[in-house]
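*Asks:* The structure follows.
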Amino acid sequence: MTISNLIRSRCSLAAAKSFLENVKSFSSHATFAEHKQLEKIRNIGISAHIDSGKTTLTERILFYTGRIKEMHEVKGKDNVGATMDSMELERQRGITIQSAATYTIWKDHNINIIDTPGHVDFTVEVERALRVLDGAVLVLCSVGGVQSQTLTVNRQMKRYNVPCLAFINKLDRSGANPYRVLGQMRSKLNHNAAFVQLPIGVESNCKGVIDLVKQRALYFEEPYGLKIREDEIPADMRTESAERRQELIEHLSNVDEKIGELFLEEREATVEDIMGAIRRSTLKRAFTPVLVGTALKNKGVQPLLDAVLDYLPHPGEVENVALVEKKDEEPQKVPLNPARDGKDPFVGLAFKLEAGRFGQLTYLRCYQGVLRKGDNIFNTRSGKKIRLARLVRLHSNQMEDVNEVYAGDIFALFGVDCASGDTFVTNPKLELSMESIFVPDPVVSMAIKPTNSKDRDNFAKAIARFTKEDPTFHFEYDADVKETLVSGMGELHLEIYAQRMEREYNCPVTLGKPKVAFRETLIGPCEFDYLHKKQSGGQGQYARVSGILEPLPPHQNTTIEFVDETMGTNVPKQFIPGIEKGFRQMAEKGLLSGHKLSGIKFRLQDGAHHIVDSSELAFMLAAQGAIKSVFENGSWQILEPIMMVEVTAPEEFQGTVIGQLNKRHGIITGTEGAEGWFTVYAEVPLNDMFGYAGELRSSTQGKGEFSMEYSRYSPCMPEVQEKLCHEYQVSQGLVVDKKQKKKN
């Protein structure tokens, strides 16, 4: 039925509107299902410090691009919660825990968006997201500015060479100062950054933004800022906008030759000249364009989407390489073809795992070729063959089936047994692997047990799922103290998993006190020469190993290495894996405090074998004996995790806060102040940070806040080492506890 037919039959206007809505809905669904050409694809992440407004910004993006019909707020104030916060716990806490993936269309471009967590305890989620993205939007709060997690995200973007543009959000907040934030980007992040927009008023006065490139004022009108009205720049801001535009051109001329020539020749740069220079410089990570707005008040979001298309790269502008790995050879880097023509074989990377209602959901990025429903794919790590029954694209926790995916697409598979960082190919002869995703070691452990013993089955299921999903979440059983331990990136990380066990598996758990993941290491090199010989009737055991156990440099003190330097046949090659196994088993538990060994290198230089009595087991036991001899003869020390701590509070509490950090053996690395508030940066041992949140709140009348993130491992203080050694000896029954003795 056409509109004219509806009118002729005197149907109600409501019926005509309903018909149009259905047509629009159908056409928009068809649009989302389309496959775009390479130049019309953007894979972006939205990263920032906690509470900078990332999820709210994503919600607005989805609304303006027609992906959702209505907007909801974070923290579920309207009992719905933001679309991208699909987990019940996320809606309650108002923080994003898992990166939700979605795709949308803006001006005939397909934008894949990963909304990432801002809390430091979920850093591995950000790492995974950035690994598979081509560009990112760095969201900063116009009050908080550059904060500790912003520095972390910035380092991660640098590691994966991700170009970014900055969005200074929350202009409507009291104390908003985007100019100070720009200064911090230049001083703290070392970004060559400049405004491409200026705010027209801040706080309650926030009316719109000025586009410095096109020299126009933009006002966001109608409900939800859907209509953008262009106008002349307000008279009282013309001088400032001219100065800021000149500043933008100067910053670009330092890194872009074309605009640099125009600047030196004092010729006027056109809009196209400036936009071209911004794009070229941003792709090289030589410049960061800075946009402004307030997502909550619906101002500045559409121009940000335009900037994503104008200044961030499409998959063809980013070089992605795979490694060709062959035995006993150095891996060779091979560039991947991003063309969406399917001429090259498929290569994809699994960057996230999630256990859903229908089995394991695996998020992948297609780097090369095309993948169709019904194809067979191979996991290059395990060699497993998988037949694809279903391909989906994701919109937060909702799925849309597709028949094929091309290079540059982000998609998901069901029921694929794999690990995060695995590479998939359709041609099993391709011995390729994408560079693996960097995963930090956990720094905090807690004892954990189900509150009710009848829940053990559910507890085991939850642990199995969470350890597979999150490589920074570890689980082990400590036989010495007969406790099950979970380890992670912080207290909040472990608390959230405990709450998820209760909520998702109906298994309430009890967490013990947090324990720091100390490590033991050698102070200097120590030689070993150990003979393992056993004869008790029948085949005996004979193996001799000699070499050096030495410390690794400080930047490698969280790893252990094994190197075979033997020449000739004194130690047959088939026994080398046994020696390495023996070394790695002994590295699980040190002599001083029972913690793992790290920062050491086992150099096997010589040995001896017997033609009958030698075996892999004999050499494994010889390696263990060699480590025991180094325990006795070498000099050992305990390492502890050092955290980067950032504390913000009103100026009148500065002395108190610094005093508290000094008391906790902190080293102050910097301070800064602005508008009655100060921020202090310090490096503090994690062992001294427990209970700090309560102390800070009570000493600053609830106004102080802090964040911390792992920095490195460093030797602990002598008194701490002495205490740890004594506690371990007491637990092993090697010495009697004096306090216990007095009680008895």
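Residue numbers in this text run from 1 along the chain shown.
Positions of Cβ are set from backbone N, Cα and C atoms, glycine also.
Pasting the relevant annotations from Swiss-Prot:
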| type | residues | note |
| --- | --- | --- |
| TRANSIT | 1-33 | transit peptide |
| DOMAIN | 39-317 | domain 'tr-type G' |
| BINDING | 48-55, 115-119, 169-172 | GTP binding site |
*Asks:* Given the model, what does the mean pLDDT over the domain 'tr-type G' (39-317) come out as?
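*Replies:* Mean pLDDT, the domain 'tr-type G' (39-317): 81.
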*Asks:* Based on DSSP, name the secondary structure state of Asp51 (GTP binding site): helix, strand or coil.
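*Replies:* Note: Asp51 (GTP binding site) is coil by DSSP, not helix or strand.
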*Asks:* Are there any residues in the same chain, six or more apart in sequence, whose C-beta is under 8 angstroms from the C-beta of Leu171 (GTP binding site), and if so which?
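*Replies:* Spatial neighbours, sequence-distant, of Leu171 (GTP binding site): Ser142, Pro178, Pro199, Val202, Glu203, Cys206, Val292, Gly293, Thr294, Lys297, Lys299, Gly300.
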*Asks:* Ala48, Asp51, Lys54: which of these binding-site residues has the sparsest Cβ neighbourhood within 10 Å?
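*Replies:* Fewest other Cβ atoms within 10 Å, among the binding-site residues Ala48, Asp51, Lys54, is found for Asp51.
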